[in-house]
Amino acid sequence: MQTIIWNHLSETEKRKVIMRPVQQNGENIQQAVNAIRENVAYNGDRALFELCEKFDGVKLDKLIVSADEIQAASSRISVKLRNAIEQAKTNIEAFHKAQQNQEIDLEIQEGVRCQVVTRPISCVGLYIPGGSAPLFSTVLMLAIPAKIAGCKKIVLCSPPPISDEILYTAHLCGVETIYAIGGAQAVFAMAQGTESVAKVDKIFGPGNAFVTEAKRQVAQNSTAIDMPAGPSEVLVIADESADPEFVASDLLSQAEHGADSQVILVATCETLAKETALAIERQLALLPRAETARKALNHSRIFIAESLEQAVEISNEYAPEHLIVQTKNARKLLPYLDNAGSIFLGAYSPESMGDYASGTNHVLPTYGYTKTYSSLGLADFSKRMTVQELTPKGFKNLAETVEVMAEAEQLAAHKMAVSVRLAKLNI
């Protein structure tokens, strides 16, 4: 990791050094995803079977995972892992239940009643990546709030063969239907519907560049998505009180996600920065994914800030997905931290806790989107509607205000909708 003293940079250099690596979602990916979209649209299930064999190397005779298969998978999960998943589920449920909205019902003025009511999104689709490290924890993060929100139908897609852990966790969380479909084709199947796959209203979940591009495309039509996605990232603010071994482990826990991940340390102490760099090398030697982590470290940075105030400014400008604060009084910085997906305060709040079991959601905006997007929560699985109800007296008292405004905007029909009612009231 390159170490840079922040105050030695010009304003132009500062903007440049906190830029993320360019995402390689080029024309080739877009063209490939376009072809998959058209194939699924025209050929439905047949396309899904063909693409599964082509990309996953699995020849399926059905797309829906049977209850017997789910039961068999669940029986192979160790008691130790079951207990861990159930503990995480309990914590995540508690935190997301606390997010349930109180409905707003106000009399704004006499005879004018306004409300906000919340309704669940009817049908949601969850995408869970497969591969050598199945992300069953993401099932918890998506299915639990969907269930609490009251979504009527929850379906899940994951590339075959689906891991036992994913099947067990999905069943535990009440997912009704599981499809053995992966990649961009899964996104298009859920967005468009096929003979076997239910069309959904909103799609959630992470994925590779092809899945991300597919989600971008469906979001331009009639299917909503959770949020824009990019490579995973973490920024750590640390002062002289921080433990370099802790800081190094937090940086590496993010770097091991992928070669395109980025990790940033903003330290107010050069000694800590040097000790952390040495600790990273020691810990790297112990990691199975050391090669991946090292690639991520190649485009990561250590910034030396003159103060915690400056460290906060750097963090707010970078707007990280994960923000870890390892300082003497971490909570004192919280009021000044504006842009982050999830914040981890103190030496004993590693990102791993939020990734799995503290209760917060690990589905977070990346690539600077935390300036405008929030971490996933219960609200993402529901929608708000406003309601207004006026009595004749309330209508009469507000009528002139609306007529004047409608006339000023030259919308005669808007004014007429008020005038005809006033006439009926014999005013």
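Numbers run from 1 along the shown chain.
Positions of Cβ are set from backbone N, Cα and C atoms, glycine also.
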For the Zn(2+) site that Swiss-Prot describes with Gln254, His257, His414, which of these is also annotated: Asp105, Asp164, Asp338, Asp355?
Asp355
Relative to the Cα of His414 (substrate binding site), which of the recorded positions Tyr127, Gln185, Asn208, Glu321, His322 have a Cα no more than 10 Å away?
none
8 Å Cβ shell about Tyr127, Gln185, Asn208 centroid, NAD(+) site members excluded:
Pro129, Cys157, Pro159, Gly182, Gly183, Ala184, Ala186, Val187, Gly207, Phe210, Val211, Ala214
Please report the three-state DSSP label of Tyr127 (NAD(+) binding site).
strand
Gln185 (NAD(+) binding site) to Ser232 (substrate binding site): how many Å between their Cα atoms?
23
